[in-house]
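I have placed the structure first, in the form of structure tokens, so that the comments after it can refer back to it.
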């Protein structure tokens, strides 16, 4: 009351400033502190192998994976007294939100789990250590390593075999007299199957889901023998307009004929949620599933899940390869121990038993052979997707470095098409323009 | 009143009676006493704020060191970023509807709870209770389940034969649902109103009654003017808070469908931590700060025409 209006407004303006900026202060602060932290880099490998070492390690995953991995870490400590771990584990989203802030402060854990969708981004920005000198002969097939190299170097030790397929509700398909999809079906057969199934399904049930993400169309474009949308590290951008129009016009027809659920329903789906999962809720008869994720679906609807590989074209279809890795931070002070550990992780039999199939089908054939007799149905489905996909598989295409925003834009523009807010052609123009700009930036 | 207390914390309240000679010593002691807060403020708030201003003129991917790019972030935001325009307009819509709604609603509740009824404390506690769990993730998740396509709201509507819509999965209704959620979180605003109501001198009502004023007359001529500083405080904080809405959009709708709930704070967050453009995000933060500061200043300027301070001798104009 004694204060003047000006002091009051100044006080509140400051308050506003604090509130607004607190959102960003975490990241900014880290950036400043980190500038000096990383200078000890090259010379930081003086740790004697016998000395006490603490390896920090971070991964994402489910509870089962967390428990299994912690058990494996205990085994390593038992075999190598003097090495202890500082583990951090979380869910997928949290992991990828946390990692950039760690990178900014140059405090990425010594060992970290990596995904094919992100590894290029982190390699391009110099965050990951070159692991090419780790001898993996006899553990990992040389062609797999060849396939995973980025500019001739290996930045992630592959942990498992993974593949993308299509899961279907076999019980309900039988009930309505709809034939199961067959291995190596083509896109034409897939579309026709969906049309035929529509005629036999009751109202409120749909044969297939809608698609709005870039990878859905990228599968189609590459299956038809065209280059992937992003290639050459993001310097080349190819969005084939004819195929784009044909693909999304088909889905437009499907929306009209209720072969795919209406947009409003589609955007409410939440995969692996008991009530909101498109397939477990009984609304859609099929959905995409990977070797690593189909187990979760099977647990939601036990005994009802069948699998088939993704539709194919003249060039093939889908993918079957390793997509989860262990990487070592380029700023780690314990690189030697970290490298020793990541090799051990896929080589050691005891660890293999502890880890089971919590990261998919183990990459090491010997370990898989030991696990095979004890596999449960949910694990077998994953293996089945992999086996079905293998002979027609195309490479796994991930977003190029710097394209994460384009990926979001693609989905939003296509959602706007699904909701009838813009035409397919308008969406194409916007997506194509942004992609070409990013490619030009990556090239220059 | 509450507003002044909140805005003017710190040394202003130290007594300044003693002799001149020891005034300096007292000042020093004052600063020493507030030093834990002051150091924390400078290191953890002021320094990052300054840094974010610097970063807003750089391209900074978080993974690499920042590179100075001058004003190019600002230029791009203002000339070539449709998402900026979209998220800003979404946020303005949100503020425009949710702030008045929340003020109105919490005032009504506060008036209802200001009656002298038996067991009123129980009612107050019961009504304030949801605010204890406040704007948390749990509430957002609850909201998502209530307003989902198969959520409770639609189940209840179905009893009456009404086919519900996908409240949060339909771009036409999603923002409205978030506004509703924000209004429902009225607790703290309501408590401040309630405290303000308690401070209105009873004599005013009594003398008005003697003069034959009715309930509505009393509300318009006594309650509203006496409450105006509190109203003003709630308005300013409400606007600032609404501009920063993040949790509900992030948890319930993920900004969708098709950007219909893509709040500015969420846009900023995704730029920084999803698309690795911390420099750009910092520029966005400073633009938001400018907008909020400007609106707050306008608010203060306008307040002279409607806020009544008893201590100023009742000058409102």
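The backbone N, Cα and C atoms fix where each Cβ goes, and this holds for glycine too.
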Which listed span TrEMBL calls transmembrane segment, if the choices are B:125-143, B:144-162: B:125-143
Stretch in B:28-50, B:90-113, B:246-269, B:281-302 most in contact with the transmembrane segment (B:175-197), if contact is a CB pair under 8 A: B:90-113
Sequence-remote partners of the transmembrane segment (B:281-302) [C-beta within less than 8 Å, at least six residues beyond its ends]: 52-53, 55-57, 60, 73-74, 77, 84, 232, 235-236, 239-240, 243-244, 264-265, 267-269, 271-272
Highest-contact recorded stretch vs the transmembrane segment (B:90-113), from B:28-50, B:125-143, B:218-240, B:246-269, CB pairs under 8 Å: B:218-240
Spatial neighbours of the transmembrane segment (B:125-143) far in sequence, C-beta under 8 Å, 6+ residues away: 109, 113, 177, 181, 184-188, 190-191, 247-248, 250-252
Tertiary contacts of the transmembrane segment (B:246-269), as residues 6+ beyond its ends and Cβ separation under 8 Å: 83-84, 86-88, 90-91, 94, 135-137, 140-141, 143-144, 147, 168-172, 174-175, 177-178, 181-182, 281, 284-285, 288
